[in-house]
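Asks: Found this in Swiss-Prot, in case it helps:
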type	residues	note
COMPBIAS	219-237	compositional bias 'Polar residues'
MOD_RES	Ser89	phosphoserine
MOD_RES	Ser219	phosphoserine
MOD_RES	Ser231	phosphoserine
REGION	41-49	region 'Interaction with RB1 in competition with E2F1'
REGION	76-140	region 'Interaction with UBE2I'
REGION	82-107	region 'Disordered'
REGION	187-245	region 'Disordered'
MOTIF	113-117	motif 'PXLXP motif, interaction with host ZMYND11'
MOTIF	122-126	motif 'LXCXE motif, interaction with host RB1 and TMEM173/STING'
MOTIF	258-289	motif 'Bipartite nuclear localization signal'
MOTIF	279-283	motif 'PXDLS motif, CTBP-binding'
ZN_FING	154-174	zinc finger
Amino acid sequence: MRHIICHGGVITEEMAASLLDQLIEEVLADNLPPPSHFEPPTLHELYDLDVTAPEDPNEEAVSQIFPDSVMLAVQEGIDLLTFPPAPGSPEPPHLSRQPEQPEQRALGPVSMPNLVPEVIDLTCHEAGFPPSDDEDEEGEEFVLDYVEHPGHGCRSCHYHRRNTGDPDIMCSLCYMRTCGMFVYSPVSEPEPEPEPEPEPARPTRRPKLVPAILRRPTSPVSRECNSSTDSCDSGPSNTPPEIHPVVPLCPIKPVAVRVGGRRQAVECIEDLLNESGQPLDLSCKRPRP
């Protein structure tokens with residue numbers, strides 16, 4: 001490599017160009033790759049993937065039984081040359097060769113040997129994990145039982161006792177039957193038959209009102225005796241009553257009552273125990289004062 005001495009510490013353009021040419025020729029001449037078109041990197045170039053798998057110990061044996069050439073020939077339908085098997089070579093375990101015909105022993109282009117399928121035992125005889133108790137419990141389903149005596153011989157109670165470990169526990173149905181809570185008779189009482197509705201009464205004609213004759217009473221007594229007939233009007237008569245000029249004090253007047261289905265308001269629980277002729281009102285409303 002040449003050494004260039006610079007006088008004054010100044011490098012001219014010609015000197016710099018010669019230095020670059022010398023560097024390219026002597027250093028990068030052999031290792032410089034040829035220019036090529038830029039291509040985007042592939043997925044395998046971006047990620048460092050380890051595609052080398054561990055060797056399979058059975059790969060060589062399988063390749064000898066089913067070589068790639070034989071598989072390709074079978075797919076393409078190409079006839080192969082049959083040669084007698086080597087002495088001591090085992091036959092495939094899952095295929096059996098039929099006895100060769102005399103005319104097939106000669107060398108030449110012949111068809112593939114006829115293979116007969118055999119039944120293969122695919123059952124796994126390896127000892128696995130023993131079945132756990134959880135699998136047996138999941139397989140058993142809960143069954144609601146109804147027995148004559150609650151808590152005795154009930155499958156529902158036995159299911160809960162086995163799962164919880166409590167020998168005195170009972171299922172919900174036996175508990176309610178024992179305590180008498182919210183248990184009704186198995187057969188409901190027959191509902192009363194609805195009474196036939198009475199036929200609507202026919203409208204009756206109102207009697208005609210006879211206009212009353214206002215007469216001035218002769219005496220304060222309402223009853224009068226007739227002197228000509230010597231009879232006294234003690235009973236009811238067909239004539240309307242007489243109107244007196246004197247009005248009695250504090251007469252009893254009828255009060256209109258509105259018929260309703262509401263019950264009387266309840267202030268405390270004791271009101272429910274008191275016998276009352278009217279039905280009780282269990283609503284939240286209170287009567288106005």
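Yeah, the Cβs are placed from backbone N, Cα and C, and that goes for glycine too.
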Asks: Mind tallying the zinc finger (154-174) by DSSP state, helix then strand then coil?
Replies: 13 helix, 0 strand, 8 coil
Asks: Take the motif 'LXCXE motif, interaction with host RB1 and TMEM173/STING' (122-126) and count its residues per DSSP category (helix H/G/I, strand E/B, coil), listing them in that order.
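Replies: Here the numbers are 0 helix, 0 strand, 5 coil.
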Asks: Taking every residue in the region 'Interaction with UBE2I' (76-140), what is their average pLDDT?
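Replies: Here the predicted model's pLDDT, averaged over the region 'Interaction with UBE2I' (76-140), is 59.
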